[in-house]
Amino acid sequence: MNMYRTHLCNALNLSHVGEEVTLSGWIFRKRDHGGILFIDLRDFYGITQLVLNESSDQELFNYARSIGLESVITVKGTVAARSEDTINTSLSTGHVEVAVHTLVTESAADALPIHVPTSTNHPEDLRLKYRFLDLRCDKVKSNMLLRSAVISEMRKAMESRGFIEVQTPILTASSPEGARDYLVPSRVHAGKFYALPQAPQIFKQLLMASGFDKYFQIAPCFRDEDARADRSPGEFYQLDVEMSFVTQEDVFSVMEPVLRDIFTKFAGNRSVSPTFPRITYKDAMLRYGTDKPDLRNPIIIADVSEVFLRSNFKTFQEGVARGMVVRAIPAPKTSEHPRSFFDSKVEYAKKIGARGLGYITFSTDNTVKGPVAKFLSDTELANIQTLAGVGPGDSVFFVSDAADKAAELSGSVRELLGTELNLIEKDTFKFCWIVDFPYFQYENGKLAFSHNPFSMPQGGLDALSSSNPLDIVAYQYDIVCNGIEISSGAIRNHKLDILYKAFSMVGYSPEAVDAEFGALTRAFRFGVPPHGGIAPGVDRIVMLLADVPNIREIIYFPLTQMGEDLLMGAPSEVNQSHLKELSLALNITPKAAGKTSS
């Protein structure tokens, strides 16, 4: 028999009345009713009410009264039925209580810095410093149990489809592509460093070259990048997947049902879109102003550049003639809104970098108003209504700028309008694939990879040799859910000549590619199958399912937005002897010192 417990704290019911039991757990609540003391004893599984009567054992009663909340105790007692008026139907044990005759304190708790039942109401820094208390809160614990269940379902889904689970190395070589690496100095090889992997990219491609047909892992990834609400600094986990002899559609046909089934299982009363529509990157930027569209928002942006090119509204007409664009953002049922509504949108647009924000209102009595309307003919107004999908009672806002900037600005205005007008569909998960990403982009006047340098360009070597680099699209794809990117993937470039050509266009010689990615280029010389993969983010998926405001709420021991572990005190200084052993010396710049001190 276990000396600490005969039952768990969720197990007792009326069938146990009269039994002698042993329970262990934390003191969750105490209620002192004069000569009777009630204690809610909590373990991982549930809560059982304990009762102590001063008239039965005054010494035990006084001792129990003195013990602090969250102390760990072991009790022995007799199960008794509660009186009818004290039954608690919200507890599985709510029909019984345990009359305690023995109580041992296993570990006494100090005065609590946070109130466990409502720990999520405390400042985040305090919660993270005392995360071991925060994790005892039911709401926080339920997020972690959801995380465990989601990962378990991911494993089952992949194994049922014939994928094998692999663990790739944590200590590897630094890569020049992507985010900043976390470096680990080598003691044995002075002056050299390992890197923590940003993703298992190279290793999973090498597994395909090794003949492992279908692979997955719940992969830890490490990137030295700033935090966002949907991104934790330091590390994150992804369901990393790779397959041999597949096309883009093959990857979609595997991953789409996996994600749909997982979301359906854990969505509760929320709906899940039955299909994942395909939206090209180009269309996403035009229609939604972002490559991460929230399809719960029904507003669709339209291009109305041609209308204004032929109009008398010189500000827009001359801009379009110089190569700028005009985007229209509908605002349904707002034509009768006060002037302050429109002025606030203009001010918002200016704050995010727009030179201004034009608008037209189409009243239900067919009156057309707004600072732009008087410059347009009836035909032009009708064309705008058709292109923007607006009618009587609606309004439409206009952004004019270079195409990329106009997309960014109109996307932000679309998001604001969707929220303020309460247009965002509630209690649903809306997915889409974003496809046909540009292969290249210009950064600081130089050609660079826009997404994944190891993806296959559509059109292969011919496209790289004969097309405008900015017109080349790749077999790259994202999955977006409710405006959050939850996965990226690609069909990989498995042909060495195409790889060398692609890298040469961004300034790498074949020798430089071999030096940086030698393991991969060596493998490409010995027979590599066509292959592709995808990597849904575990943390973001759980964050969406848990419906929490930031990703730290679903990570057991997260870093702060400044990349600090307040519980463990990391990052921390190390002593000089350790640095000497690693052949390292510190040279902290004034700029870095300022960041540290702040």
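Backbone N, Cα and C define each Cβ position, glycine as well.
Bear in mind that the values here come from a model prediction, so they are computed numbers and not experimental data.
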Task: Annotated companion of Arg223, Asp224, Glu225, Gly537, Val538, Asp539, Arg540 at the ATP site, Swiss-Prot, chosen from Glu256, Glu485, Glu573, Glu581 - done: Glu485
Open item on the list: Please identify the range among 201-204, 261-264, 413-416, 525-528 that Swiss-Prot labels region 'Aspartate'.
Closed with: 201-204
TODO: For Asp539 (ATP binding site), identify the closest of the recorded positions His33, Arg223, His451, Arg492, judging by Cα separation.
DONE: Arg223
Open item on the list: When you rank Arg223, His451, Arg492 by Cα distance to Gly537 (ATP binding site), which of the binding-site residues ends up on top as the closest?
Closed with: Arg223
Open item on the list: Give me the long-range Cβ neighbours of Arg492 (L-aspartate binding site): same chain, 6+ apart, Cβ under 8 Å, in sequence order.
Closed with: Gln205, Met208, Phe454, Ser455, Met456, Pro530, His531, Gly532, Gly533
Open item on the list: Pairwise over Arg223, Asp224, Glu225, Glu485, Gly537, Val538, Asp539, Arg540, annotated as binding ATP, what's the top Cα to Cα distance to the nearest Å?
Closed with: 19
TODO: Tell me, if you would, which residue among His33, Arg223, Arg540 (recorded positions) has the fewest other CB atoms within 10 Å in the structure shown?
DONE: His33
TODO: Please report how many Å separate the Cα atom of Glu225 (ATP binding site) from that of His451 (L-aspartate binding site), as a whole number.
DONE: 16
